[in-house]
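Engineer: One structure, as structure tokens, below. Some questions next.
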């Protein structure tokens, strides 16, 4: 049988459980561990596809819920699919829409069949089910699709989470049956279970028995302290097949990317770098910099002297601060480009450290420079 997505393990770090590998997709090979920029509405906010290629993004994420509401998956299918619609010829991962629907807690009703909800755009009553999520993603034509899952909040009561993972397993089976294009789109399942070790194990056991091409760990970075997230990863990642990609959803702070890689995660995504860039906050090798601060008003040096991105090669903190204060879009473009480049470069450094069997040393060196502690906020 032809499968759309395969994983090639190159090396395991001798210092940790980190894996150097490659995910092979219909639109190219992705070196892992990797970070995926998020392009919610079929665009990574303020970035062109050419700019994303310049920083060597091999895969981006797009959002099923938002594209279902606007412009609609049928329209995108008529355009020739999402790749053609947005002029991106590299890999795309689409989420299932589940996370967005479940975050509409006041506007949704869950049944075994699926979730009834109201559009946040116009209040229209809509329905999303495993079958509908597959229909939308098949129409979009993404390289990697996600199964429709129930996303419990944090914290959540044990009984609720148990019922939730059992439903997620039943929905995953329905997703497999409804998936119309397994030869050119890979479908990943999502392990849930909150902070309960036995439920994570039950969820992983159920889903791995169905033999998906890849597995995600969901329900983290939803408000729990980072030590809890790392503990959940410590006992969940070993339950996943070593021959398939492992994806930690919604995580994008530098410390969590490194800690996730140490625990054997291959893929990450998060809106964090682009969202904070729009607020004028940048990630640098010495920690976060709030560019709007008065301290940068006459700083004619780059955001990060250690960075070789387009922004840092060409523009000063003082100039970028001026643009942000003047509400000029170019300022947001410069901070966004820098933050995405910073995380993609970080993942290149992580891959190099795995190759050299020194990822734990790299972590300690990076944290010492970045000025992190256990209470660093933001995933």
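Every residue, even glycine, has its Cβ placed from backbone N, Cα and C.
Note: TrEMBL annotation is automatic and uncurated.
TrEMBL lists these features:
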ACT_SITE  95  active site, proton acceptor
ACT_SITE  269  active site, nucleophile
BINDING   95, 96, 97, 98, 99, 149, 192, 219  substrate binding site
BINDING   307, 309, 312, 338  Zn(2+) binding site
DOMAIN    16-370  domain 'tRNA-guanine(15) transglycosylase-like'
REGION    250-256  region 'RNA binding'
REGION    274-278  region 'RNA binding'
Engineer: Taking only the Cα atoms, work out how far residue 219 (substrate binding site) lies from the residue listed as 'active site, proton acceptor', in Å, as a whole number.
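Structural biologist: With the alpha carbons as reference points, the distance is 13 Å.
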Engineer: Using a Cβ cut-off under 8 Å and a sequence separation of 6 or more, which residues in the same chain sit near residue 269 (active site, nucleophile)?
Structural biologist: 35, 36, 37, 38, 61, 93, 247, 249, 250, 251, 252
Engineer: Reported in the order helix, strand, coil, what are the DSSP residue counts of the region 'RNA binding' (274-278)?
Structural biologist: 5 helix, 0 strand, 0 coil
Engineer: Given that the record lists 95, 96, 97, 98, 99, 149, 192, 219 as binding substrate, what is the largest C-alpha to C-alpha distance among them, in Å?
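Structural biologist: Across 95, 96, 97, 98, 99, 149, 192, 219, the two farthest Cα atoms sit 15 Å apart.
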Engineer: From the DSSP assignment alone, can you count helix, strand and coil residues within the region 'RNA binding' (250-256)?
Structural biologist: 3 helix, 0 strand, 4 coil
Engineer: Sort out for me which one of 97, 98, 219 has the most neighbouring CB atoms within 10 A, since those are the binding-site residues we care about.
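Structural biologist: Of 97, 98, 219, the one with the most crowded Cβ is 219.
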Engineer: Which one is it, among the recorded positions 95, 96, 98, 99, 149, that lies nearest to residue 312 (Zn(2+) binding site) by Cα separation?
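Structural biologist: Nearest by Cα distance to residue 312 (Zn(2+) binding site): 95.
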Engineer: Name the secondary structure element type, per DSSP in three states, that contains residue 338 (Zn(2+) binding site).
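Structural biologist: Assignment for residue 338 (Zn(2+) binding site) reads helix.
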